[in-house]
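Undergrad: Quick one: structure below, then a few questions.
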Amino acid sequence: MDHFNYQQNRLFAEQCALTDIATEFGTPCYVYSRATIERHYQAFASAAAAHPQSLVCYAVKANSNLAILNLLARLGSGFDIVSGGELRRVIAAGGDAKKVVFSGVAKTAEEMRFALQLGIKCFNVESVAELERLQQVASSLNIKAPVSIRVNPDIDAKTHPYISTGLKANKFGIDILLAGDIYRQAARYSHLDVVGVDCHIGSQLTETQPFLEALEKLLTLIDALASDGIMLKHIDIGGGLGVTYDNETPPSPADYISKVVARLTAYPQLELIMEPGRAIMANAGVLLTKVEFLKPGQEKNFAIVDAAMNDLIRPALYSAWQAIVPVERDSAKTAATYDIVGPVCETGDFLGKDRELAIAQGDLLAVRSAGAYGFTMSSNYNSRPRAAEVLVDGDKLHLIRQREQWQDLWRGEQVITD
Ligand code: LLP
């Protein structure tokens, strides 16, 4: 459930009309609902609270705006990061380093050093080579690095191939069949402290079954390690819970997490860590855009809007479907079928295809479910300044990121003089 609803044919974010937001901040513009974000976070946190110890580590990559990270930090959230940049954002937003888990297949020595000095909760290690690098960096600082091994459980998450991560053919994690030996090796390193196990099998999963299969495999590994005297303190089940973009029916966070908690009753000593990103943010945001031109054609009608693939790349990159709705519904307008396309010079620059809409030039459209992997994946392609971001809180509006200025486009560039 989210807080984007029509009131007398005008689309609102909480108590703010999107038309007013467009007037005040211009388009394209990302709009987020604070109440929705908080509701989604609490859905995970409260379901997990049935287990003796738990921590939601929000996946920063989904939406890393400082204001969003700060809201989540204030609710007690931890963070799943994948770069030194994300770690710096978490700290800048007032997040607690002690609640940070660090994922990613290619952590540099500098990133490890920085994270160790801040005292993060855990490194989610993805290869033997990474274990060795971490041991070296940690020993040079004379700090013990808390380590979890990201195991690859070889489970088909039944999602888009680009966002499936738990199969043997994917680059992520360590084959679960080899993990036991690697844990034993890690336990012998002087500056590693083996504390947990983690996995992340993919994103936008719409069934609980693959998650529960992965959980079973992790528990089998935990039992085997315990019989060798390696006692893990936490289990991190990753992120990946899907959302409704169209007519998908994913389990709710409460359904999913309560099943995990039920299975973990035999393991009260294990802290449960989750890394949701999309499920917290996707339906808490829309991308607001204006129709520049309608261009009727023999085969296709195009609605050319001022947002493009550089603002929201999911449709172009994954053929993702996101709802596109008029901000003001007007029954006097006649409907037609449009491809919603942007100004970028690529045929792949579309936000939606074959959408039935009753619209006119100058109308505003909202691309729904754009709060996750929207702004964070945006770019300056075609020298387009990146969009503004606005957070709605009841009847209050906060500009949480200014629209980029022209000079931002070439910041750091230099012409040569000879
Ligand atoms: N943890 C790890 C280690 C991850 O790799 C990811 C996402 C998450 C947590 C969060 O997963 P979520 O709960 O958001 O599904 N750009 C793609 C999604 C890429 C996801 C990458 N990893 C998209 O727009 O669909």
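These residue numbers are counts, starting from 1, taken along the chain as shown.
The backbone N, Cα and C atoms fix where each Cβ goes, glycine too.
Among the features that TrEMBL reports, domain 'Orn/DAP/Arg decarboxylase 2 C-terminal' is placed at 29-371. What TrEMBL lists as N6-(pyridoxal phosphate)lysine is LYS61. Look at TrEMBL and you will find GLY240, GLU275, PRO276, GLY277, ARG278, TYR373 tagged as pyridoxal 5'-phosphate binding site. Residues or ranges marked as substrate binding site in TrEMBL: ARG278, ARG314, TYR318, GLU346, TYR373. Annotation source TrEMBL lists active site, proton donor at CYS345.
Context for these features, please: burial, neighbours, distances.
TA: Around the Cβ of LYS61 (N6-(pyridoxal phosphate)lysine), 21 further Cβ atoms fall within 10 Å across all displayed protein chains.
For GLY277 (pyridoxal 5'-phosphate binding site), the number of other Cβ atoms no farther than 10 Å from its own Cβ, over all displayed protein chains, is 24.
Note on TYR318 (substrate binding site): other Cβ atoms within 10 Å of its Cβ, all shown chains, come to 16.
In three-state terms derived from DSSP, CYS345 (active site, proton donor) belongs to neither a helical nor a strand segment and is classed as coil.
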Undergrad: Identify which of the binding-site residues GLU275, GLU346 has its Cβ surrounded by the largest number of other Cβ atoms within 10 Å, counting every protein chain shown.
TA: GLU275
Undergrad: Which one, from the binding-site residues GLY240, PRO276, ARG278, ARG314, has the smallest tally of other C-beta atoms lying within 10 Å of its C-beta?
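TA: Fewest other Cβ atoms within 10 Å, among the binding-site residues GLY240, PRO276, ARG278, ARG314, is found for ARG314.
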Undergrad: Near CYS345 (active site, proton donor), which residues of its own chain have a C-beta under 8 A away, given they sit six or more steps off in sequence?
TA: ASN382
Undergrad: Taking ligand 1 as the reference and 6 angstroms as the Cβ limit (strictly under), which recorded positions among GLU275, PRO276, ARG314, CYS345, GLU346, TYR373 are close?
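TA: With ligand 1 as the reference and 6 Å as the Cβ limit, the list reads GLU275, PRO276, ARG314, TYR373.
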Undergrad: Largest pairwise Cα distance, Å, within the listed pyridoxal 5'-phosphate binders GLY240, GLU275, PRO276, GLY277, ARG278, TYR373?
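TA: Comparing all Cα pairs, the maximum is 15 Å.
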Undergrad: Of LYS61, GLY240, PRO276, GLY277, ARG278, TYR373, which recorded positions come within 10 Å of GLU346 (substrate binding site), going by C-alpha to C-alpha distance?
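TA: Within 10 Å Cα-Cα: none.
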Undergrad: According to DSSP, does ARG278 (pyridoxal 5'-phosphate binding site) fall in a helix, a strand, or coil?
TA: helix
